[in-house]
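Trainee: For reference, the structure I am asking about is given below.
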């Protein structure tokens, strides 16, 4: 088999008949599969052992040769080669077709490649291929030209003869009529009798004339048709054509079916056609030019690859190996088989029948019908259902063809190549493990034993607990006590990976050191739950084992939970204490007025603890304590030395501060969610990861400990309804009644009434909510939960204890009658009914949103998967100017609110100069929190920073333009797959975005504004929004023209160009006034603008701003922080292609989409050779289109439209350079990112002397007990084999 590591490119091409015969090990001649009595494969059948190899290892079919010693012998009795049965997975066969057939992908795909090549409409092609019309293949021009006069004379003569004959026959009939009439006259017949005879005669003469005229006309038609006959003409099978064939069959050839296409293709001159097309493109206009460009693309791809176009017509069909289309016996003796076998059988049956008919010399019409059926059978095999009704099996189910095997989520690409199942893995339910350290997880003993089984077996043999593998296996299965000891020893320091599906971002897989636990559930550290989005209501997680030493090192260094404290999307900590921990710390750090022991002073924390244990001091009483390592809370940096001081605080706060690092400033505040979040933020910024993890564990332990002791419970008596609620509601009921009566009198419209009522009841709800929260005492548990941020919010409490308020109906409008009851009081039936509407819609919405968001993530990953950090610095001087400060009302500079997610963690592109002209920061410096504060203090308003949008790396991006990795807080490493991180960061919060299209004011009068997830999709797909606003094409003056039906905005440019007219709907809101001066690109009406227009009018930078700003707007509105750089990575991919407008003297085709880097490279080459360069226009592509336009055909095929991508790639003979990640996953190579980059793969390590000394300690002076059987910790077991080692001796 192919070894994935030995090749650098993968090419796909068109297989010729010779290629297929070369792959094949024999021809499949019979449609039989296996003999149902002997269950042996039939000879020459679809499973034949002679062709595909033996079905049992080292055993021929008849049983003459058995055993491996006959390897390679071909049995002379049955003709089967003695070899391994696995060859049945790789050996192919073939079917020799009795008539050629076209490949359906090239004929029926959109656009039809065959149609483009032969310049025929697909409808006409279909007529020829399926035997409804003849196609002229060849015309003997010279012969026809030479014989034309003679033939014409002959024809004229014949036509003259015919007309003479006609006249003679008519005259003869007339003569007879006269004779008849004379005879009747003599007999004295009546007038009507005469008339009858006359009519009959006239009718006969008419028929005579008609039949002769038809013959003459046919001659004319045939002659005309022969005179204008050219290659490629279609002729229906009728009398005219038969006549043409009889008379002039020597001068031309016409065929039906794939035979016709094949002959045309064989005679096709690609070079000449390419010349013609280039000429057409140069001179043509409009549709003609577009079609010529498309055709040239097909023609030039055949020229470039050297493929023969005739390979699109098949003479041989390959048969895939039988193990890939298996046939298995079910329990009842029936057989289950792959659909492919049925499809192959139809092909073989029809092929054999056609052969027999040809041998018998059957009439043409029968043979053609059989040929058509063969064509249809091969079509169904390749792509069932592409043309006509699909072939169905039992139960009217369409059979799965070869194309269906590749397509879609269940196809080969996505199911087996990108999503393999892996060994050394297990899954189980998770439970919380509060006793664990941040880098640990609890692994059930049984599960660990199963996972580490091979390692345990090896160690048991090494320690001579067992003599051989079988014995060791038996020991493991019987769980002997020694096994557990060995397992403990092995598991030490070996990380395992835990994963929770759905893995929405890279923190969904993290490494932990396993601790063996009893029971069957995996124990998870509470702080990593947020990253996994896990809870303990029955979630399951999977465990995977990194096997190789490199994998273990990577898991430990890169994936250990304690090294993944920051979120890659915004650089903020993800391991924030939550719920119980917060309530515990809140309980610990509150101050209680007048509590036991207030005002006392203590010499140390220990003394205060003793007082508390004696019961003379309350945890929350204000006291004075002498603290040894005190850093004042206003200390700016970590540099401040700790001092000894007497501090006024509470015992609880002193205990809380003991959980923080020694030199951390003393926290003198209530530890609610915000405070803890700020502390963890500061820890992550200032301390090394080891210390942060330790501090987090201490905070967690303190939180759980005091959370338990706080005794926080919820009972019905804690839910306090405000006593004045009835009075508040009654007051507003009066107001509402007044408005209703005004409406009944006809003073207001229904709309006004609704709006007023909504306003009134919103006020009422707010007033009840305020009364309710004022009514809660400070020590009420619900109040403590909400104010500390542990769980819930005031809205939920209002629903339970205040009033439910207004709700929406399914249309999204607000029902003007509120729900006055709270859940504590209970809802009436009517109230309950209207409340269910909104709630149910919410659930349905969430389900849809999850699917939508998942699909968005998939597209984002696909478009950005090959964006990898490839170099340190691309050397560009370009960058983006971004604001870092805003001027507030008093004229003071403050930090811009969006600084965190725009300039933070980037690299300066130019020196930042303060107001006094001094350089505050040099170009190339990293912009962190400290530097931002320094810049703002120096009066800098905006700075120029590097960005991936302006990066000039040819492949991937450079580290300097990307800036700091948000997950580590350091400059990004080379090999970091920033594209995938960007896709995950944008996709992961996708489920939190709303799905709604907001109706402004509850009525559909104004244009709906798309927001939430649909808006993000619209931006990333670069779609033209519904009701897009026009933008000013030039700077100029506006005139607004209104008629009673329509409204126009007319823009007169300042530079004297033609005025631009924009028709505008009457109901849309204008953003410009009459006679106003506008800038280039200014928006004219309220609504969203089309990114393609922005690009055309204002250029690349503006469209980048528009896309990044638009996506950020949606996420900010939902309070989801994402750094701009992630969105920029995606936008960079959307803008990387240009469309060639004029190809100059280069090899580019006009209208071709090329990568900007490749386009620049080609132009540079042309300049150096002094040729005319190409010109192009920038494109903005949606992410789906951009993914399909990738250089890698493997990646594109595994994304969407598999058959179309493969058809195109095979025709162009595309080579996949295997640069991206997906392609390498598919073929099973290490991905070229992270440690898979060649610069990391080829590193050689030199051990230092200290390391050697540590690894191989000098044992000469050790006491002899060091050589006892069990302590072999200094033996390097990885490189040790048990053959040259006997326990008890060490050589």
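Numbers run from 1 along the shown chain.
Cβ coordinates come from backbone N, Cα and C, glycine included.
According to Swiss-Prot, the record shows the following:
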- 60, 62, 75, 78: Zn(2+) 1 binding site (BINDING)
- 535, 537, 539: Mg(2+) binding site (BINDING)
- 874, 951, 958, 961: Zn(2+) 2 binding site (BINDING)
Trainee: So which of the binding-site residues is most packed in, judged by how many other Cβ atoms lie within 10 Å of its Cβ, out of 535, 537, 539?
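Mentor: That would be 539, with the most Cβ atoms nearby.
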Trainee: Write out the long-range same-chain contacts of residue 78 (Zn(2+) 1 binding site), meaning residues 6 or more apart in sequence whose Cβ is under 8 Å from its Cβ.
Mentor: 43, 49, 50, 60, 61, 62, 64
Trainee: For residue 874 (Zn(2+) 2 binding site), list the number of other Cβ atoms lying within 10 Å of its Cβ atom.
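Mentor: Result for residue 874 (Zn(2+) 2 binding site): 19 other Cβ atoms within 10 Å.
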Trainee: For 60, 62, 75, listed as binding-site residues, tell me which one has the smallest number of other Cβ atoms within 10 Å.
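Mentor: Among the binding-site residues 60, 62, 75, the sparsest Cβ neighbourhood within 10 Å belongs to 62.
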Trainee: Using DSSP and collapsing to three states, where does residue 958 (Zn(2+) 2 binding site) fall: helix, strand or coil?
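Mentor: Once the DSSP labels are grouped into three classes, residue 958 (Zn(2+) 2 binding site) ends up as strand.
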Trainee: Excluding 874, 951, 958, 961 themselves, which residues in that chain have a Cβ inside 8 Å of the centre of the Cβ atoms defining the Zn(2+) 2 site?
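Mentor: Output for this site, in sequence order: 871, 873, 876, 946, 948, 950, 952, 953, 957, 959, 960, 962.
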Trainee: Once 60, 62, 75, 78 are set aside, which residues in the chain still have Cβ within 8 Å of the Cβ centroid of the Zn(2+) 1 site?
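Mentor: Same chain, not in 60, 62, 75, 78, Cβ within 8 Å: 61, 63, 64, 65, 76, 77, 79, 80.
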Trainee: List the same-chain residues at least 6 positions away in sequence whose Cβ sits under 8 Å from the Cβ of residue 961 (Zn(2+) 2 binding site), in sequence order, or say none.
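Mentor: The answer is 874, 876, 907, 946, 947, 948, 950, 951, 953.
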Trainee: Specify all same-chain residues, apart from the site residues 535, 537, 539, whose Cβ lies within 8 angstroms of the center of the Cβ atoms of the Mg(2+) site, ordered by sequence.
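Mentor: Along the chain, the qualifying residues are 430, 534, 536, 538.
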Trainee: Measuring Cα to Cα, how many Å separate residue 535 (Mg(2+) binding site) from residue 958 (Zn(2+) 2 binding site)?
Mentor: 39
Trainee: Round to a whole number and give the Cα-to-Cα distance in Å for the pair residue 539 (Mg(2+) binding site) and residue 958 (Zn(2+) 2 binding site).
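Mentor: Between the Cα atoms of residue 539 (Mg(2+) binding site) and residue 958 (Zn(2+) 2 binding site), the distance comes to 40 Å.
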Trainee: Using Cα coordinates, what distance in whole Å links residue 75 (Zn(2+) 1 binding site) and residue 958 (Zn(2+) 2 binding site)?
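Mentor: Between the Cα atoms of residue 75 (Zn(2+) 1 binding site) and residue 958 (Zn(2+) 2 binding site), the distance comes to 62 Å.
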Trainee: For residue 958 (Zn(2+) 2 binding site), which residues in the same chain are close in space, meaning a Cβ under 8 Å from its Cβ, but six or more apart along the sequence?
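Mentor: Once residues fewer than 6 apart are set aside, residue 958 (Zn(2+) 2 binding site) is near 869, 870, 871, 872, 873, 874, 951.
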